[in-house]
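Following: one structure in structure tokens, then a few remarks.
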Amino acid sequence: MTAPKKLFIKTYGCQMNVYDSERMAEALGGEGYVPTDSPDDADMILLNTCHIREKAAEKVYSELGRYKGLKAEKPDLKIGVAGCVAQAEGEEIVRRQPMVDLVVGPQSYHRLPDLLAKAKTGARALDTDFPEEDKFEHLTARPKARRAPAAFLTVQEGCDKFCAFCVVPYTRGAEVSRPVDRVVSEARDLVERGVREITLLGQNVNAYHGVGPEGADWGLARLIRELAKIDGLERIRFTTSHPNDMDDDLIAAHGDCDKLMPYLHLPVQAGSDKILKRMNRQHTAESYLKLIERLRAARPDLHLSGDFIVGFPEETEADFQATLDLVEAVEYGSAFSFKYSTRPGTPAAERAQVPEDEKTERLQRLQSLLTRQQRALQDAMVGRDVSVLFEKPGRTDGQMVGKSEYLHAVHVTGADVAPGDLRRVRVLESGPNSLMGTVL
Ligand code: SAH
Ligand code: SF4
Ligand code: F3S
């Protein structure tokens, strides 16, 4: 018997890339590849890349540079680039790094085994099509390995919103929703393999409109209610949402669907209506705040998370102040904030840019406010009881870590709990990035 070939995948970017990397590993498993944690003993290295900001995209080239020596030592080593940089830059990648054997865009992953076969003949294998066929149909797992208690499940991909700063509509293509029965059967399969929490993924997940069993389209709330019927599935989350696609049914689901967790990532990007308009966000600060009010009316303990961009072209100090005001009004449980990064081919790239030092200064101010808010909300958990889905052992002896319903990391020590257990925990302490508690 020949030794199995080893596959090293490095994943950048969003959760959808995490999901895709799992699917690619499964697809290449069918070709005899087993995963490895180190590029040094790999027969194939696959970088699953992100193009969202300049820094993210540049990382790929520095990482590829590191593999030059490996490739020289092992000429049979295959190096592939997948993900959003592959889609955005295509052949340019091979021009800059001729040692790359294979380039595959996010909509062509099911063609990976064929591309690899082509690469093995010495030909350059490149596929950045948006094919007609459904890649998900061809990306099913075999064998059915046991899974960790929390999993991602892509239900929608691509985006039709065209925010003026964003590459996603170009790298992931137009919005596509997977049919309800496919999603439900994948969810059942995950639960059979030990999963108790599923996070439904989409670049614009709340725009989900998959075809239902009777032929009509279902919205995300209806899909969630259907998934909630699966025995053994305890928790459902979804990300990422656009404020304009938060319909009445989805707001209501936060109040009446027990398995839907009280945590929502709802990016607003900025608090100034002038900037929101120039970003092509199609919502105002006020409409966003009204929406938050309605969500909190449905689920008073809802924890909110957001994304922010500072230093978007033409952002003045007053515009930035409006972002701080909005943050003050909302009180976020967690947040991600970034300096605007010009992306080639997007409308905002052509506009007058805010100086780098101003962006840096604004980001610091925003982040210190967000950190304070996050910490205050987290500290307020002390003395309260939360439900924790335990996921894995912690760093110290006898420690176990899991997630609260609000997505806090929670540690307990010396308790008789195993991964997959869902238990009530009393919060005793609040640390910098996690809570510490005792199982009740
Ligand atoms: N689909 C999601 C998020 C996509 S990307 C949504 O609609 O909100 C994740 C985050 O990256 C965005 O929310 C935005 O805050 C940030 N981002 C996107 N393009 C960016 C750019 N050019 N510069 C800086 N941040 C950016
Ligand atoms: Fe990008 Fe999200 Fe805007 Fe779509 S809605 S263009 S993914 S920021
Ligand atoms: Fe990055 Fe593509 Fe996700 S650009 S954030 S990996 S959709």
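Here the Cβ of each residue, glycine as well, is placed from N, Cα and C on the backbone.
Not measured: the values here are computed from a predicted model.
Annotated in TrEMBL:
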{"type": "DOMAIN", "residues": "5-121", "note": "domain 'MTTase N-terminal'"}
{"type": "BINDING", "residues": "Cys14, Cys50, Cys84", "note": "[4Fe-4S] cluster 1 binding site"}
{"type": "DOMAIN", "residues": "145-376", "note": "domain 'Radical SAM core'"}
{"type": "BINDING", "residues": "Cys159, Cys163, Cys166", "note": "[4Fe-4S] cluster 2 binding site"}
{"type": "DOMAIN", "residues": "379-440", "note": "domain 'TRAM'"}
Worksheet entry | Cβ-centroid neighbours of [4Fe-4S] cluster 1 site Cys14, Cys50, Cys84, 8 Å, sequence order | Tyr12, Gly13, Met16, Asn17, Thr49, His51, Ile52, Ala56, Gly83, Thr171
Fill in: Cys50 ([4Fe-4S] cluster 1 binding site) versus binding-site residues Cys159, Cys163, Cys166 - nearest by Cα
Cys166
Worksheet entry | Of Cys159, Cys163, Cys166, binding-site residues neighbouring ligand 3, Cβ under 6 A | none
Item to complete: Only counting partners 6 or more residues apart, tell me which same-chain residues put their Cβ under 8 Å from the Cβ of Cys166 ([4Fe-4S] cluster 2 binding site).
Response: Ile52, Cys159, Arg343, Thr346
Practice prompt. Starting from the Cβ centroid of Cys159, Cys163, Cys166, the recorded [4Fe-4S] cluster 2 site, name every other residue in that chain with its Cβ within 8 Å, sequence order please.
Written response: Lys161, Phe162, Phe165, Val167, Val168, Pro169, Gln203
Practice prompt. Take the C-alpha atoms of Cys84 ([4Fe-4S] cluster 1 binding site) and Cys163 ([4Fe-4S] cluster 2 binding site) and report the distance between them in angstrom, rounded.
Written response: 17
Practice prompt. Mind running the binding-site residues Cys14, Cys159, Cys163 against ligand 2 and keeping the ones whose CB falls under 6 Å of it?
Written response: Cys159, Cys163
Discussion item. Using the alpha carbons only, what distance in Å do you get between Cys163 ([4Fe-4S] cluster 2 binding site) and Cys14 ([4Fe-4S] cluster 1 binding site) once rounded?
Written reply: 17
